[in-house]
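Taken from TrEMBL, the feature domain 'Manganese/iron superoxide dismutase N-terminal' covers 27-108. Here TrEMBL flags 52, 100, 185, 189 as Mn(2+) binding site. Summarising the annotation, TrEMBL assigns domain 'Manganese/iron superoxide dismutase C-terminal' to 115-218.
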């Protein structure tokens, strides 16, 4: 039911795509990382990155392909009950694929510091200062109950940046309407092997590998 999620994650397209996509769609694939598994050390170790990418993200991709195939069959049969029953799997695995496709590009071994240019000006305008923004996004991410994501998104209708949290693998735009710019994964599989259950320590560390060039590029694109 999702049409080319890898590209949809970059553009922030809504989770639900036209049903015609199912007719000629290609299967979703696990995107390559733009860096080695150990490139983000010491902030995120290689073991976490390998498991997170090659196991967790890969599982979302595989399960999404299975769910879409079942949905295609249900659609062909006119089985509305089956179509409805597949919605949670499409949402969960589709969201997991979208979210992680963004997440990997939001990180970089050359990241950290502060953004520049238009993104920095927008952060100052909407949050007062970079320090305030960082504090607010960290607090929202720490406060996610159970598993989920902290996000910096762009509200296109109002023309400003906005912080939000999403539960589980709910995609930001499909859930809130905000265009995703920066996502922080706070599922335990993203940090437990290194930081145990101390999520604040993980969140403190991740700021050292945020790829502000990528976030700025996303901001520039969504403003057009």
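Glycine is treated like the rest: Cβ placed from N, Cα and C.
Summary for the binding-site residues 100, 189: the Cβ-based neighbour count within 10 Å is maximal at 100.
Within 8 A of the CB centroid of the Mn(2+) site residues 52, 100, 185, 189, the other residues of that chain are 53, 56, 57, 103, 187, 190. The Cβ of residue 185 (Mn(2+) binding site) has 25 other Cβ atoms within 10 Å, all protein chains considered.
The average pLDDT for the domain 'Manganese/iron superoxide dismutase C-terminal' (115-218) in the predicted structure is 98.
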